[in-house]
Amino acid sequence: MMTGVSMWKDNEIGCEDSVMGAGQRDDKNSLGPEQLTSLGHHKFPSALTHSPKEIWKKGGRVFSVLLGINLVLLSCTLVSGGAFHEIKLHDYDVFFMLTIVMLIAIVWMLFYLIHTSRHRGAILCKDAHAGPIWLRGGLVLFAVLTLVMDVFKTGYYSSFSHCLTAIKITYPIVQALFVIVQTYFLWVSAKDCVHVHLDVTRCGLMVTLTTNLAVWMSAVTDESVHKAQLKNPNGTHRMPGIRSSASESCSCDGKLCSVFHDGYFWMYPFNIEYSLFASAMVYVMWKNVGRFIDHHTNPMHHLKFKLFKKNFFVGAILGLLILVTGIGVLTVYEIQVNKNNPVEKKEQALMMYYIFNIVCLGLTSLASIAGSIVYRFDKRDMDRHKNPTRTLDVALLMGAALGQYAISYYSIVAIVASMSRDTISALNLTCSLLMIAQHTFQNIFIIEGLHRQPPEEENKIDPQQKDLYGLTFVNMNAVSLRVPDSGSALPSTTPPALAIQAPSEAIQSIRVSKKVNWRRRLLKEVSSFLLLCNVILWIMPAFGARPQFDNERELRFYGYPMWAAIVDICLPFGIFYRMHAVASLLEVYIMS
């Protein structure tokens, strides 16, 4: 039996490390007696040979990846081409393609839910790390706000029903249905390790994943085009939702039409985050297809979220203070910059924005460094078990940070090369440098926290020992009387190890326990502070703050086309980084 478990470990490690590598082997040696009985009609694969069925499983995973790559490239081509006047593509072409793939994904998800509920052996085990409750709760919240956006968008497009194609009115309705079905699908199936129809399941999940990425690209493009029209009305971008040839006959004159138009653009950040959250959860499901989990070698950690117990709330109070201040700064910034105010007013708003960001980034950098130092003294072991969810979290943190890295380095080069000596340039340079440092230190803190094991159960004191030194205040005279040299004063049932324990050892145990509690409390304070700071750092760019265009230093240095392309490509990744960091910091907080 031990040999079988070892063979299963090797097979799992070899199969799970690569996205395009070998498919998951159906190694039944890792299963318990009950599972072996239920799967007795299957043949055991040999550890030294590869059957044709196993080889096709490898090809099945590769085929699903290639299918996803082709769908993403097609979506990227249509979405990017439909955003400009010069290219003979229209936004209704993009809507038609998105509607088709969303309908296919809806049909497949319904098939999956019905089939797995009827097939008794479809799901033999579940991944305890996949789809935690706070991630699914965030998904539901973003789904509700996305449905609000679809209502606004349907009302807006319905105002032009006499001059727009039917697909534009149909698209938000289909998207709302897709969001409802997918949210329920991920809520009940995010932890599944499917073991039937492996190739069909992989392809279906990959189609769902690429559909979310296509919707994300469309939303990001529409929002970027909208912002570009506000900053540069004479640009070459096509306004989203209205054909250029019909823009004169499709004017938005009514008050209700303007409310619908502004409303669905304000809801775009939530739709963008919903698509990315769903993409991450679907990817973990794709990785878990055909996977067997041995809960002895990969234990489940039952974490309890105790927010209001034994906390000083220093991090939460400081974080809330920065959050409220940031909302005020954003409000003043939007009013001062977007109105026809004098240049001095706009520069004052930019200075206020940069000063706030410098303070916030500086504090978060120091907090991340402090948390990393505390980890140096943390005695918890590193969690080295296989965990696709954690692997994806780390990859997304590192990859999404590249977007903000790129913008910061372009800004640094522009400011230094242009030899600018004014106050705005100095603040911009400082903010860019701190942005790079903050991303680096925060990533180190989060990644190390995700790889730490939760507080172990073995740290709990035995009830018999707790009677001796588990109290907050200990009368050491009484302890001394209970531990005489002869040991006769102790009950006969007391273990020998406890009978010979000296008072100094009890004091040492209490001190060690207090040190551990202080470290964990400090980690919780750092995590809560960073979490709230990342919320405001997500809100500011997601809801309209664009100092990259309001500050004209980079625009003059690179030119509008190049700088707009840099910001429009890199900024969505920077915005996603903040929301993903919030989710990861919440997990670090709970695990501390």
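Glycine is no exception: its Cβ is also placed from the backbone N, Cα and C atoms.
All TrEMBL annotations are machine predictions without curation.
According to TrEMBL, the features are:
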type     : residues : note
TRANSMEM : 62-82    : transmembrane segment
TRANSMEM : 94-113   : transmembrane segment
TRANSMEM : 133-149  : transmembrane segment
TRANSMEM : 169-188  : transmembrane segment
TRANSMEM : 265-286  : transmembrane segment
TRANSMEM : 312-333  : transmembrane segment
TRANSMEM : 353-375  : transmembrane segment
TRANSMEM : 395-417  : transmembrane segment
TRANSMEM : 522-540  : transmembrane segment
TRANSMEM : 560-577  : transmembrane segment
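Using the rule of three or more Cβ pairs under 8 Å, pairs at least 6 apart in sequence, the transmembrane segment (312-333) is not in contact with the transmembrane segment (265-286). Here the transmembrane segment (560-577) has Cβ contacts under 8 Å with residues 220, 224, 228, 232, 235, 269, 272-273, 276, 396-397, 399-404, 406-407, 410, 439, 538, 541-542, 546, 548-549, 554 of the same chain, all six or more residues outside its ends. Same-chain residues lying 6+ beyond the ends of the transmembrane segment (169-188) with a Cβ under 8 Å from its Cβ atoms: 95, 98-99, 102-103, 105-106, 109-110, 112-113, 131, 136, 139-140, 143, 146-147, 150-151, 153-154, 157-158, 161, 208, 211-212, 215, 274, 278, 281-282. For the transmembrane segment (353-375), the partner stretch with the most Cβ pairs below 8 Å, chosen from 62-82, 94-113, 133-149, 395-417, 522-540, is 522-540. 265-286 is the stretch from 265-286, 395-417, 522-540 with the greatest number of Cβ pairs below 8 Å to the transmembrane segment (133-149).
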